[in-house]
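> Got a structure for you, questions after.
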Amino acid sequence: MLIKKEYLSQPQTENCTQNIFVKFLEYQTLSVDTKSLLLISRLRATLEWTDPDLAWNTSVYQFNEVILPVSKIWSPELHVTNGITTEMSHSSPDLLANSKGTVIHSVIINAQVICEVNLFNYPFASDKCPVAIQGWSRMGCGTNLVFGELKTVIASSGEWETGNATLERKRSDRNFILVPLSIKSTQPFITLVLPSILIVIADAVSFALPLGGGERNGFKVTLVLSFTMFLIILNDELPGDGECSPIIRFHFCCCLVILVVSMLWSMVMTRLFAEGRFGLFRQSKGPVSGNAGGGKAKEDEEVKAEVGVDVLGGVKDDAQMLRKVVNFLEALDAKTRESDRNQRFASKLDHIFFWFYLICGSAYLIIMNSVMVAYECSVDHFEFWY
């Protein structure tokens, strides 16, 4: 008899609304897409409503309850207002109706919710996302949801975990589930933040290598190239941008700049250590003229005279020879003193830069990690209602 009535539309009342009592609502976060900023959720709801047209006289039909196919009578539809996709399915092809017209049914909702998660503090990010649940309504007519018990399935969703969700409302007709989300920071900290800190520390320790020989420059170039490859590999792993973009991108940029500046400084100091000047290019020698060639030949003859014996004239005067040897040794000693002075000056500058690098680098790492943990960036999650 009830099936033959074919009541496939909402029960009509004087105020054009139908109260739907959501006796039980279970929420579960399936995953969080940090690239697309989507919250993928699953909800299971037990609904109860009264349809006077489905009531019957128990004296005629001696049954207090009957099971009806859900496709033969009207059942309410629930929507996730801020979801880009919402799929509602019936948990069973049948529902339960009693003689007073009260109907009980369960539905399952799978939704992808737009949630601009605050990722500024990544990998120490946490936020609360609303999942707005509404029934059908238009111009004062439709369904009005009255919520009962809410249960949250606490489970880890990849690197995110869900806290206890709560039922909230902005207006009498705007209900939402407020879902607290927090990232499990251990893994992203180990794979993203810790390597960058260790590479900067290794670069600071590399100042212990000597300026001469090129070992330090080679080591610093290797660090810069390694960190660049590290960023290229992790590019697809970093979260997407939003109103609060992850500050870890800025951190990586600063680390790369620090490494490059340290590498360039080491190259300049190596040049100063070896040649006593900051020039980027070697001074080129001009073309050799004929007179210059003669002078060179004459100079070569004098050098030979300093250390050798004149084959044609025999042994020269001992005093003259001794004077030239002394001049040669004094010039060599002056050159050695100048080289030592350049090396001491370069080493002093290098030590000053090292302490400046160490103090500023340590302060930067402390401040950056403090900002990652403590700073809060506000995001308006209710723009879809404006």
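Note that Cβ sites are derived from N, Cα and C of the backbone, with glycine treated the same way.
Annotations for this protein, taken from TrEMBL, read as follows:
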- 13-148: domain 'Neurotransmitter-gated ion-channel ligand-binding' (DOMAIN)
- 192-264: domain 'Neurotransmitter-gated ion-channel transmembrane' (DOMAIN)
- 189-211: transmembrane segment (TRANSMEM)
- 218-235: transmembrane segment (TRANSMEM)
- 247-268: transmembrane segment (TRANSMEM)
- 352-375: transmembrane segment (TRANSMEM)
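For the listed features, I'd like the structural context: burial, neighbours, distances.
Here the transmembrane segment (189-211) has long-range neighbours at 123-124, 219-220, 223, 226-227, 230, 234, 237-238, 248, 251-252, 255, 258-259, 262, 266, 269-270, 273, 343, 346-347, 350, 354, 357-358, 361, 365, 369, 372, meaning same-chain residues at least 6 beyond its ends whose C-beta is under 8 angstroms from one of its own.
Outside the transmembrane segment (247-268), and at least 6 residues removed from its termini, the chain residues within Cβ reach (under 8 Å) are 120-123, 192-193, 196, 199-200, 203, 206, 211, 216-217, 220-221, 223-224, 227-228, 231, 238, 278, 353, 357, 361, 364, 368, 371-372, 375.
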> For the domain 'Neurotransmitter-gated ion-channel transmembrane' (192-264), DSSP counts of helix, strand and coil?
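Result for the domain 'Neurotransmitter-gated ion-channel transmembrane' (192-264), in helix, strand, coil order: 55 helix, 0 strand, 18 coil.
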